[in-house]
Each structure stands twice: as structure tokens, then as C-alpha cells.
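These notes concern the structure reproduced below.
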Amino acid sequence: MLTFLCKFTVFHFLLISYWLLNYVKSEDKPNIPAIAKYFNTKGRYEEVNPYLTEDILAANGSILQPPSAKCQEMYLTAIIRHGTRYPTTKNIKEMQQLYNIAQHNASGQESWLREIQTQWTMWYTEDMDGRLVQKGVNDLKHLAVRLSKLFPSLISEEKLRGGFIQFITSSKHRCVNSTLSFKAGLTELWAITDKEFDHSVNDTLMRFFDQCTRFVEEVDNNMSAVVEVNKFKQGPEMRRVQEKIADRLRVPHSLITHDMTEAAFYLCAYEFAIKADNSPWCQLFDEDDAQVMEYANDLKQFWKRGYGYDINSKSSCILFHDVFSRLDKAANASKSGQQVTEAVTVQIGHAETLLPLLTLLGFFEDSDALTSTNYATQTQRSFRTSHMLPYAANLVLVLYDCGGGDLRLQPLLNEKPVTFPGLTDQRASIPLYEDVREHYRELLQGCDFEAECQLFKSPAEV
């Protein structure tokens, strides 16, 4: 009897402990969906940098570790994705269709379903069409403040007033408004009310993908270029997710197509990104489902913007050369003892701006291509847009002058140090600028936008 009581007590102690642990976890961050880290390009910046949930203006200067105390940052370029936005018109139409299914076809007594049917309203309207939301305004304001903390000698009131900071943007409203928000973050930080600061619109740089004829014709508008994506949509993993959603809603499987499954995933993602709500729509997915959805979206990005075709990355040649020409100009000014006239370049575009450039530079390349049949073996892949391209994603390149002609270049992605692929020696985190140029010598000597984007070439699969 005593043995039984001991076993009973231990069992219940463990059970209560487990319950308390999970209670504390859920209470600690009750508004964060369990699947939030799988939202691809619809994810919050805070999921990539969780410390920001405690202090949105936190900047960790210790991540910047130049090899010598003599090293001084002399130039910075930041290529930034726009902030959080509304869904596109296409997505909103599909969300409305799913909402109608939940309202008129779904049955069941689950509290989350009752919430969708009686409390949640379809508030997205087609005219929202990808516009920047208030959270997106804040994304860029806060990023501006954090970067000014990380690089106070470059992003400073003196440099801004002196015209040493240049702002360039895509023509899309969400990018223009993100640029205005970034500038507002700085002017509000320094209480500047007596002066406005210009920006230039340059789609040649920030929307190069629209102007690369070969990319548009052979990849972007070519259904055969995404055959792997479509195969996965029709494959067993995705079919199982669709069936599970239909079962949870208690509707015929035929009603939950891939588009409806994607609409449900986006509803969960947008409600969280825009309003910080853990929406009842999130209850349609468990973690296994979310991982399948993440892979489906990564597969699309891989074949349409990443390593799937050579032209995807080569379409960014014009931006690549622009980045290095600005770096060269600053480096040459430093070597000749002249003032660097452009200390900071802020360029704001899209996920489609950043991903081809990251691909061209060799970041996040896996040994095997993503395909419709290797989902199970790609769980540890590097190519993961949830980590790479949340809203306000940014690639920052910082040029340091360490004295005696010793110039070094540090890359940061989403405010975290990264290493240029292929530069693996002990100085790789902040390598010599000349070593970086040598590493990308073939691209610097070639990678001609006009030549690469001519239609006579055929896409080269990886």
C-alpha cells in the first residue's frame, strides 16, 4: 500500500509539474501562435530576434567585433525589405472564400470555431492590397533607431543634416512609406523639425526583377519553372494537411484546396503580424502542418527567386555592382585621405530584392536542391525564408578602416553577424575588403545585367 501511495504521489507530482510548466509557457507569451516561426516572408521580425519582444529598441553592440580597437566604421550600406503590410488583393479574395466556408459549411462545438463563426469578422478589404500597416511603420522606425545605436558615428544627426546619408526606394507605396518611416525614426530620435530629407525612387536597382526580360519570361511568367512547387502542392504531405483542416472544420475534403489551405495559413500569419493576435485560424494547424506549409513556400522562393535557376540571382547583378561601387568609392576616399561623402546608403525594397542578392553572394545554399520529393531530408536546410526574410529583413555591410590601409567588411543579416560563404579563415567574420573583392572577382568582372537578362539564354538549373 505504501509503495502504491509513493508511486501515486510521484506520478501526480510529475503530472502537475508538467501542467504548470506548460501553463507558465503559454501564459508567458499567450499571444504568440505556436507556429509563428514557420511564417516564411509573412513572419514578424521579432521571431528572428526574440529579444526585441522585451525591448524593441535593444541593440547589442557586442556583436560588432572588429579585429582592432583602431578600427573605425567609415561606410555602411543597408538593403532593407519593407515593413509589415496588408495581404494582397489575391490573398484577400481567397481568405474571403475560406471565411465563407467556415461560416456556412463548418460544424462543430470547438471554442475556436465558434469564435470564427460568431466573433471574428472578415475585416480585410481588397483595396488594402499590400499597403504598409502601422506595425510596418513601426518596424522601420525602430530599425532606424537600433542601427543608429549600433553605428552612432555613421548614423548620426550630424551625418543626416550634412547630407551624408542617402535614401533610395522602390516605387511601391509600401516601400516609399517604409522609407519615410525609417527617416521619421531618425528625425524623431533627434527631434529634428526644421528640415526634411529627400529620397530617390529607383526601380532599376530595387525592382530589377521586373526589368530583367529573361527572368520575367523564363521564370516569373513560366509555369514550367515551378513544376517542383506544383508537384509538392499535389503530393502526400500537402494533401494530408488539407485533409486535416477539412476534418477540423468538418467539411468535405473537396472544399479545402491548396489555395484554401494557404489562405488559412496566411490568416493566422497576418492576424499575428498586423495585430499581434493569436487568431482562432491558427488552430487549423499543428506544428507538423506548419512545417509542410513553410517548406511549400520555401520551395516556391527557391525556384522563383533563389538557387533554382541561375537567372534568379543574376537578375540582381545591377544591385550587386551598385553595392560594390559604393564600397569602392568609400574605400578609395579613405586610402587617399579624402572625406567619405556618402557615409550611409539606405535602400528599401522587397523580399524579391534581397533574396536574389543573397543568393548571388552565396548565402544559405544547401548541398541538395529543394524538390517536391525531398521534404523529409530537408528539415535542417539553410534555405529557410522564415529566418532570412521576415518583414523589415535587412542586409547591412559595414566598411571599417583599421589603419595603414587595412580595410575590412562586416556583413550583418537581420542585425546578426554572418560570414561571407567561402571565406572561412580566422578573419572571415570581418575579412579584409580586398579578400572579399577577390572572392567575388568573377562577378565583379562579369555579371552584366544587360547581357544576363537577354532572352536568348536558356535557364540553367542547379
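Start at 1 and count along the chain as shown; that gives each residue its number.
Any Cβ shown, glycine's included, is placed from N, Cα and C.
Predicted, not measured: the structure shown is a model, and the values here were computed from it.
For C71, the disulfide partner named by TrEMBL from the candidate list C282, C317, C402 is C402. Just so you know, the Cβ of C282 (disulfide bond) picks up 22 other Cβ atoms within 10 Å once every protein chain is counted.
For the disulfide-bonded residues C71, C268, C402, the greatest number of Cβ atoms within 10 Å around a candidate Cβ is found at C268. The distance from the Cα of C402 (disulfide bond) to the Cα of C268 (disulfide bond) comes to 48 Å.
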